[in-house]
């Protein structure tokens, strides 16, 4: 799978779009807001800037995209006013992979600029927004051009499927699974860990060149508390997806060989793994490294023990995952809309049954970093 060409959130504003099904990601941004505010405040306190470079890496599309940069601008403006500093010009860079729905973002900019002018008094001559297509596992910006980097719900995606997993052997390495599971052999766990150890330092090293001395970076991604990569909080959504896919295999709707050759380019690290890679690279001070839980549906359904509650939470969790992974499933399995609908209907039922018994939650890590001088 060519991840950089295939991976994108569902486009547009339809029923299955990311724009309509990104409540979990929005909640993650909201919970992490105090940490973002702290970082932005320190930049504004320590510098009187004429122009401020801000990048959102893995911006996707939909309401979360412009909401994030709007809130960062609010923070800078409020701190500047308190200190009696002039509000800097804003250079805002929205980055994602080439197949991201940048058109939707650009179409929403006129209304966004209008709100900036009406609500904040910031005109188009003081705010410059650019789309930057490319992988953040490499350089994206000129040296020392950024003051703040934000990335939320993106760094758990790997640059590629770990090498060696797509085996042509008689018995596939991760048979019947789409990610790490309790039954995965150690070689699968090791391959995913190695890919993270390759990708994450490339991200950190690239940002170290692009950020000014004292620049700040706040990263948020799915992770896990335990050092064990097979824990439910990091794996079970994929385990249940594999169950739904295998039910289609048993009915002859999907080829089993296709399942055995599909491996999700995702990795949920523990805090220690992140800490080790940051310290090894050496360009950043870790100011904060924290974690928190979040419901699979973003906490929208409170009572999951009734038939209606079980149905609703399953449907919401299924729509949230579909908005994120449909592009990869469509590319790999080559299935049409009817089978895709069937797959996520089955997944919704499986998830509803599971969450009515055990309220498994995602675990999210937030890291706040300062570029060393």
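Backbone N, Cα and C define each Cβ position, glycine as well.
Positions annotated as S-adenosyl-L-homocysteine binding site by Swiss-Prot, on the basis of similarity to another entry: 18, 59, 64, 96, 97, 135, 136. The jasmonate binding site annotation in Swiss-Prot covers 25, 156, 157 and is backed by similarity to another entry. Feature annotation from Swiss-Prot assigns site 'Involved in substrate discrimination' to 150, 222. The annotation Mg(2+) binding site is assigned in Swiss-Prot to 174, 260, 262, 263 on the grounds of similarity to another entry.
Known features from Swiss-Prot, placed on the structure.
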residue: 18; record: S-adenosyl-L-homocysteine binding site; Cβ neighbours (10 Å): 28
residue: 59; record: S-adenosyl-L-homocysteine binding site; Cβ neighbours (10 Å): 26
residue: 64; record: S-adenosyl-L-homocysteine binding site; Cβ neighbours (10 Å): 21
residue: 96; record: S-adenosyl-L-homocysteine binding site; Cβ neighbours (10 Å): 26
residue: 97; record: S-adenosyl-L-homocysteine binding site; Cβ neighbours (10 Å): 20
residue: 136; record: S-adenosyl-L-homocysteine binding site; Cβ neighbours (10 Å): 24
residue: 150; record: site 'Involved in substrate discrimination'; Cβ neighbours (10 Å): 25
residue: 156; record: jasmonate binding site; Cβ neighbours (10 Å): 19
residue: 157; record: jasmonate binding site; Cβ neighbours (10 Å): 21
residue: 260; record: Mg(2+) binding site; Cβ neighbours (10 Å): 20
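On its own chain, residue 25 (jasmonate binding site) has 60, 64, 152, 153 as residues at least 6 apart in sequence with a Cβ closer than 8 Å to its own Cβ.
Here the CA atom of residue 260 (Mg(2+) binding site) lies 25 Å from the CA atom of residue 222 (site 'Involved in substrate discrimination'). Of all the binding-site residues listed here (135, 263), it is 135 whose C-beta has the fewest other C-beta atoms within 10 angstroms. Taking every pair among 18, 59, 64, 96, 97, 135, 136, the residues listed as contacting S-adenosyl-L-homocysteine, the largest Cα to Cα separation comes to 20 Å. The Cβ of residue 174 (Mg(2+) binding site) lies under 8 Å from the Cβ of 165, 181, 184, 185, 188, 260, 263, each of these being in the same chain and 6 or more residues away along the sequence. Of 156, 157, 262, all annotated as binding-site residues, the residue with the shortest Cα distance to residue 97 (S-adenosyl-L-homocysteine binding site) is 157. Look at residue 262 (Mg(2+) binding site): DSSP puts it in coil. Taking every pair among 25, 156, 157, the residues listed as contacting jasmonate, the largest Cα to Cα separation comes to 14 Å. For the recorded site, residue 64 (S-adenosyl-L-homocysteine binding site), the DSSP three-state label reads helix. Across the fold, the C-alpha of residue 150 (site 'Involved in substrate discrimination') and the C-alpha of residue 157 (jasmonate binding site) stand 16 Å from each other.
According to its DSSP assignment, residue 222 (site 'Involved in substrate discrimination') is in a strand. Residue 59 (S-adenosyl-L-homocysteine binding site) and residue 262 (Mg(2+) binding site) have their C-alpha atoms 26 Å apart, to the nearest angstrom.
Rounded to the nearest whole angstrom, the C-alpha distance between residue 96 (S-adenosyl-L-homocysteine binding site) and residue 157 (jasmonate binding site) is 12.
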